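What Swiss-Prot annotates here:
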- Glu69: active site, proton acceptor (ACT_SITE)
- Arg10, Lys18, Lys19, Arg20, Ser39, Ser40, Arg41, Arg89, Lys90, His91, Arg115, Lys133: substrate binding site (BINDING)
- Gly50, Glu70: Mg(2+) 1 binding site (BINDING)
- Glu66: Mg(2+) 2 binding site (BINDING)
- Glu66: Mg(2+) 3 binding site (BINDING)
- 17-142: domain 'Nudix hydrolase' (DOMAIN)
- 51-72: motif 'Nudix box' (MOTIF)
Amino acid sequence: MMKLKSNQTRTYDGDGYKKRAACLCFRSESEEEVLLVSSSRHPDRWIVPGGGMEPEEEPSVAAVREVCEEAGVKGTLGRLVGIFENQERKHRTYVYVLIVTEVLEDWEDSVNIGRKREWFKIEEAVKVLQYHKPVQASYFEALRQGYSANNGTPVLPTTYSSSMSGIR
């Protein structure tokens, strides 16, 4: 299913969830520092860069496109961390690891909406996300637990609050 938004087409899965993709953008392979971007709705809050998938777009391709648009970085795409479900907002987000190899000085969202970006230690990133973006904070828990993907489907517990199923 698709819906047109003013400047984009939203895509939905069979359950009516918006299909999204995002990356945990790490400064290096040690995965100690992650890049967060300012929210377009709440510029004083930090979020993981990501967004809606285009029709017929593979999740990995969408993830790379979104981080370039939102965070102004390019890099080496790594493993799928998981597919995360936000029942409140009806989103399913494919989250990947990306090792940053190039940081653009000017990028689409910095020019168009004044979006900012900043490197955070993992613990700090979790702290700034857990209040207003608990599902995004859970990305790091899944990463830390190090569950491996089973044919692209992560094998992870669903032990998050009732307003979100956490990880599918």
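Even glycines carry a Cβ here, placed using N, Cα and C.
Swiss-Prot feature annotations superimposed on the structure.
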{"residue": "Lys19", "record": "substrate binding site", "contacts (Cβ under 8 Å, 6+ apart)": "Thr11, Tyr12, Asp13, Gly52, Met53, Pro59, Arg92, Tyr94"}
{"residue": "Ser39", "record": "substrate binding site", "contacts (Cβ under 8 Å, 6+ apart)": "Arg45, Trp46, Ile47"}
{"residue": "Arg41", "record": "substrate binding site", "contacts (Cβ under 8 Å, 6+ apart)": "none"}
{"residue": "Gly50", "record": "Mg(2+) 1 binding site", "contacts (Cβ under 8 Å, 6+ apart)": "Arg20, Ala21, Ala22, Cys23, Ala63, Glu66, Val67, Glu70, Thr93, Val95"}
{"residue": "Glu69", "record": "active site, proton acceptor", "contacts (Cβ under 8 Å, 6+ apart)": "Gly51, Trp107, Glu108, Asp109"}
{"residue": "Lys90", "record": "substrate binding site", "contacts (Cβ under 8 Å, 6+ apart)": "Gly16, Tyr17, Lys18"}
{"residue": "Arg115", "record": "substrate binding site", "contacts (Cβ under 8 Å, 6+ apart)": "Val37, Ser38, Ser40, Pro43, Glu70, Asp109"}
Query raised in the report: What is the one among the binding-site residues Glu66, Glu70 whose Cβ has the most other Cβ atoms less than or equal to 10 Å away?
Result: Glu70
Report summary line: All chains considered, the count of other Cβ atoms within 10 Å of the Cβ of Arg10 (substrate binding site) is 17
**Report entry** Structural state census, the domain 'Nudix hydrolase' (17-142) (DSSP three-state)
**Finding:** 37 helix, 52 strand, 37 coil
Report task. State the residues, same chain only, that lie 6 or more residues beyond the ends of the motif 'Nudix box' (51-72) and have a CB under 8 A from a CB inside it; answer 'none' if no residue qualifies. Result -> 2, 8-11, 18-23, 25, 35, 37, 80, 94-96, 98, 103-110, 115, 117
Report summary line: The predicted model's mean pLDDT over the domain 'Nudix hydrolase' (17-142) is 95
**Report entry** Max CA-CA distance, Å, over listed substrate-binding residues Arg10, Lys18, Lys19, Arg20, Ser39, Ser40, Arg41, Arg89, Lys90, His91, Arg115, Lys133
**Finding:** 25
